[in-house]
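For reference, the structure discussed in these notes is given below.
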Amino acid sequence: MSKRPTIAITSGEPAGIGPEISIRAAWELRADVKSILIGDAAFLAMTAAAINPAIRLSALSLQAVRNSGVPDFSRDQIAVIDCPLAAHVVPGKLDAQNGRYVLQTLDIGIEGAQQGWFDAIVTAPLQKSTINDAGVPFTGHTEYLADKTNTAQVVMMLATNATPQPLRVGLATTHLALKDVAAAITIDSLAGILDILLADLQNKFGIAKPRILVAGLNPHAGEGGYLGREEIEVITPVLQAAQAKGFDVRGPYPADTLFQQKYLEDADCVLAMYHDQGLPVLKYASFGLGVNITLGLPLIRTSVDHGTALDLAAAGLGQADHGSMLEAMRIAAQMAAAARTSS
């Protein structure tokens, strides 16, 4: 890349694998990405030294960045915006005292993206229970980012470049009980989701004319109404409205046949109706290299597709695979480049 994108990495739950995989990925991609870790500078420096003594971290104060922006630094350095821990970290052992610390790192990432310090945010995994135990109601990264940026509707996408061509799967619903899915899919909600997908595929992925395949909700896409009428009464009218505006959206297709190469090679994204309809295929195909992307935000955010892995953290450094973090950073960099071009 001619210009290294500046990417902030929130280091996640300090007792998990987030700090390690963040440092490893940032160091590996230092030639192509200007990485800014957000977390406790002393703790991250200690972790980096244990991973590889050659890794060089450069600490920045938040106030200095607010005053002057992110300074230039060499390609053999990783910057850290210091955000002090509340309590000593024991790998693999959660401490609610550090719950608010995790949110502070997110707040800095959001502030920096909105102020133009960063081109994108990549989030390492956090532990929801620790934040809730700290007295802060918290349901997840996505909801927190939406709330902090005053975004009414967001779309969860999983993506991977580990397949013959990029595979992107957007979700019409996310972490919702299966019995509640049908009621959650309305004409208004689905139209909004499709609008976000189309806009972000254009503006954040650089796809001028996105091609979207849409899955049905019911087996066999409803079998003409015999197995459910959501395809007839909700999904098809939304697709027809988008098609009337000139967009290439197709469906609804039976989900059990949609994920075939002959269909995917002629598409930029699949829209699945619920979590376990679309994600098993992607997770199987991605070989652990899936990336979680939040669309609809006024910033670029990607994340790993796994959790804090406290057991691996407790076992010591070198146990965790940082492949998903590498892909999250690469896709964030690609999106940042596309966003610069489209703006």
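Note: Cβ is positioned from N, Cα and C throughout, glycine not excepted.
Swiss-Prot has this to say about the protein:
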type	residues	note
BINDING	HIS141, THR142, LYS283, ASN292, ARG301	substrate binding site
BINDING	HIS175, HIS220, HIS275	divalent metal cation binding site
*Same-chain residues six or more away whose CB lies under 8 A from the CB of ARG301 (substrate binding site)?*
ALA113, ALA120, ILE121, VAL122, THR123, HIS141, LEU145, ILE293, THR294, ALA332
*In angstrom units, rounded to an integer, how far apart are the Cα atoms of THR142 (substrate binding site) and HIS275 (divalent metal cation binding site)?*
15
_If I restrict to non-local contacts, at least six residues apart, and a C-beta distance under 8 angstroms, what lies near LYS283 (substrate binding site) in its own chain?_
LEU158, GLY290, ASP305
_Over all pairs within HIS141, THR142, LYS283, ASN292, ARG301, the annotated substrate binders, what is the largest Cα to Cα distance, rounded to whole Å?_
20
*Under DSSP, is HIS275 (divalent metal cation binding site) helix, strand or coil?*
helix
*What is the separation, in Å, between the Cα atoms of HIS220 (divalent metal cation binding site) and ASN292 (substrate binding site)?*
28
*List the same-chain residues at least 6 positions away in sequence whose Cβ sits under 8 Å from the Cβ of HIS175 (divalent metal cation binding site), in sequence order, or say none.*
GLY140, HIS275
_Counting across all protein chains present, how many other Cβ atoms fall within 10 Å of the Cβ of HIS141 (substrate binding site)?_
20
*What same-chain residues, at least 6 away in sequence, bring their CB to under 8 Å of the CB of ASN292 (substrate binding site)?*
MET156, MET157, LEU158, THR302, SER303, VAL304, ASP305, ALA328
*Where does ASN292 (substrate binding site) sit by DSSP, helix, strand or coil?*
strand
*Going by DSSP, give the three-state secondary structure for HIS220 (divalent metal cation binding site).*
helix
